[in-house]
Amino acid sequence: RLHRTMHRGVLGKTFRLVGYTIQYGCIAHCAFEYVGGVVMCSGPSMEPTIQNSDIVFAENLSRHFYGIQRGDIVIAKSPSDPKSNICKRVIGLEGDKIHTSSPSDFFKSHSY
């Protein structure tokens, strides 16, 4: 009888621990998915504002309320390495014409 009671106590604690782990895991997932998270940006294209390998907090809420505007910094998966993130400043929106005085690597960003 004592053995059965001890067994129930251990099982109860284990199930509670698993339940709390799942609950907090779901909360953390929602926070990182919808509120924001910590991101490491790679590449020199945003220097001097953001240095290569800088760690930044990326929030996800404002784009739902305000949309993406010129001058915003956006973070995207790198097309050449999906495991890394790239940071880009928005200089134009759909329908805008961008003029430059000299050709540069600047326009390589158009495919992002």
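Positions of Cβ are set from backbone N, Cα and C atoms, glycine also.
Annotations in TrEMBL come from automatic prediction, not curation.
The annotation active site is assigned in TrEMBL to SER45 (among others).
For LYS88 (among others), the entry in TrEMBL reads active site.
Averaged over the domain 'Peptidase S26' (22-100), the predicted model reaches a pLDDT of 82. The feature domain 'Peptidase S26' is assigned by TrEMBL to 22-100.
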Problem - Rounded Cα separation (Å) that holds between SER45 (active site) and LYS88 (active site) - result: 7
Problem - DSSP-derived helix, strand and coil totals, residue by residue, for the domain 'Peptidase S26' (22-100) - result: 19 helix, 21 strand, 39 coil
Handout entry: Cβ neighbour count (within 10 Å, all chains shown) around LYS88 (active site)
Key = 16
